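**Q** There's a structure below that I have some questions on.
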Amino acid sequence: MAVMMSCRKYIAPLVFCAQVASSFFDTALQMVVKERCANPDRDTEQKAITNFNMAFNMVLKFMPIVPAILLAKVGDRGYRKVPIVVPLVGYFLSRGLLLLDIVLEWPVQVLYAVPVIHGLCGGFASYWAGVMALVSVCSGEEERSVRIMRTELVYGIAGFIGSLASGHLFNLYTVDLKQGAILSSFSVLLYFLCLLYAAFFLQIDFSELGERQERRESVGIINHEARDKINIALLFVSGILYDIAVAGGMEMLAAYVLKDPLNWGATEVGYGNAAGSLLFVTSFLGVKMFTRCSVRDESMVMIGMVSFAAGIYFMAFVTTTPMYFLARSVTLFALIPMPTIRSLLSKQVRGTSYGITFVMLQLSFKLASLVTTPIYTEIYQATLDTFPGFVFILSSIFTVLSMIPISIVGCRSARQDGYERIQGN
């Protein structure tokens with residue numbers, strides 16, 4: 001029990017600080033790209049922004065594949081800090097490059113080096129999988145969904161605070177410092193503090209973690225000795241389809257809000273990102289409420305998917321800022337599915353495989369998006385003059401498709417639970 005408490009106590013400050021830094025970076029990058037791609041012809045500007053975002057995101061998703069797998073294997077051997085510390089080095093160096101680009105006014109193409117540096121150190125795939133593996137090892141099966149969602153809550157609150165402040169900080173500048181330099185400097189500083197914290201202050205008792213893990217497995221926390229490969233496959237398919245829907249929709253939304261009729265500036269972009277981060281709070285409260293009502297994990301995933309499908313469909317018809325925030329409010333449970341799918345996966349594999357399982361899930365998202373990101377971008381550019389919100393309807397369709405595998409998992413699990421109860425009697 002002491003181990004569980006210490007893991008929760010020490011990981012939360014790191015997650016919080018890193019996400020505030022990430023929020024600062026996201027706003028700075030979005031506004032710098034908008035400024036560098038500025039063009040009197042709005043359609044030309046939108047195409048330049050979406051082309052940059054497409055190339056940037058594809059490199060971001062491709063580069064971490066091999067490093068993340070290697071780091072996950074190291075983490076599963078007991079070195080749980082490694083998949084967290086190494087990516088933070090990449091975060092620190094790559095965010096520093098954005099600061100240099102702003103101060104020295106380098107060409108926007110230099111920023112393509114950001115995802116390269118970030119990815120070679122494992123990227124978000126390694127960092128977040130490392131955090132999730134640590135939280136999973138430090139929690140029991142019954143409480144795992146809430147524990148993982150609680151970590152996501154810390155992540156979301158940090159994103160909310162960082163996003164609210166980022167738009168205002170971006171507009172701060174002096175004679176010597178260009179617009180965005182102060183915001184980017186804060187991001188680099190926070191990542192440096194995160195790196196120091198993770199390397200020297202994050203404490204994990206490896207021996208106790210190992211004893212706890214062996215004790216769980218010996219009493220049969222993982223049933224039938226073998227993994228349920230069908231459930232694992234279905235969970236992966238459901239997660240991939242849902243990630244395609246969310247990532248594809250959100251990537252296009254970042255460009256959509258910068259064009260008419262919304263035509264947002266830095267402050268509005270920050271508020272929009274904050275609204276997205278607020279979903280972590282509403283999703284966490286949803287998990288708490290549904291858990292108390294004894295709602296199964298698979299049902300919670302379905303509820304979250306319905307929430308996102310409805311909200312992103314509404315987003316296709318948004319023409320004003322109030323309508324945007326109304327559409328966002330409909331997606332209040334949209335962040336329930338992913339952490340709950342991770343929790344379900346952790347119940348299908350042994351503790352020594354948490355790291356590699358979570359990394360493979362993250363990497364499967366990235367590989368799928370390497371195909372879907374260009375498709376989303378092409379569709380968005382092709383419909384700019386007719387119906388630019390069509391990509392959001394496409395995301396809604398993908399979300400509905402992702403409900404099919406998770407519903408099958410729910411039926412299989414319910415049948416298996418009923419069979420075990422009969423055997424027990």
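Our numbering is plain: 1 for the first residue shown, then up by one each step along the chain.
Using the three backbone atoms N, Cα and C, a Cβ is placed for every residue, glycine included.
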**Q** Could you check which of 22-40, 60-78, 269-287 is flagged in TrEMBL as transmembrane segment?
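**A** Transmembrane segment, as annotated by TrEMBL, spans 269-287.
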**Q** Between the transmembrane segment (389-411) and the stretches 84-104, 116-140, 182-202, 232-257, 299-319, work out which stretch tops the count of Cβ pairs under 8 Å.
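**A** So the stretch in question is 232-257.
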**Q** Taking residues 6+ outside the transmembrane segment (84-104), which of them lie with a CB under 8 Å of any CB in it?
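**A** Apart from its flanks, the transmembrane segment (84-104) reaches 14, 18, 21-22, 25, 28-29, 32, 67, 71, 110-111, 113-115, 117-124, 126-127, 130-131, 134, 177-178, 180-181, 184-185, 187-188, 191-192, 194-195, 198-199, 202.
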**Q** Most CB pairs under 8 Å with the transmembrane segment (116-140): which of 269-287, 299-319, 325-345?
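**A** Against the transmembrane segment (116-140), the leading stretch is 325-345.
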**Q** Of the listed stretches 152-170, 232-257, 269-287, 357-377, which one has the most C-beta pairs under 8 A with the transmembrane segment (325-345)?
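**A** When the Cβ pairs under 8 Å are tallied, 269-287 comes out ahead.
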**Q** Of the listed stretches 232-257, 269-287, 357-377, which one has the most C-beta pairs under 8 A with the transmembrane segment (299-319)?
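**A** Answer, by Cβ pair count: 232-257.
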**Q** Sort out the residues at least 6 away from either end of the transmembrane segment (152-170), same chain, that have Cβ-Cβ distances under 8 Å to it, and list them.
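**A** Beyond its ends, the transmembrane segment (152-170) has Cβ neighbours at 12, 15-24, 26-28, 31, 179-180, 182-183, 186, 265-274, 276-281, 283-284, 335, 339.
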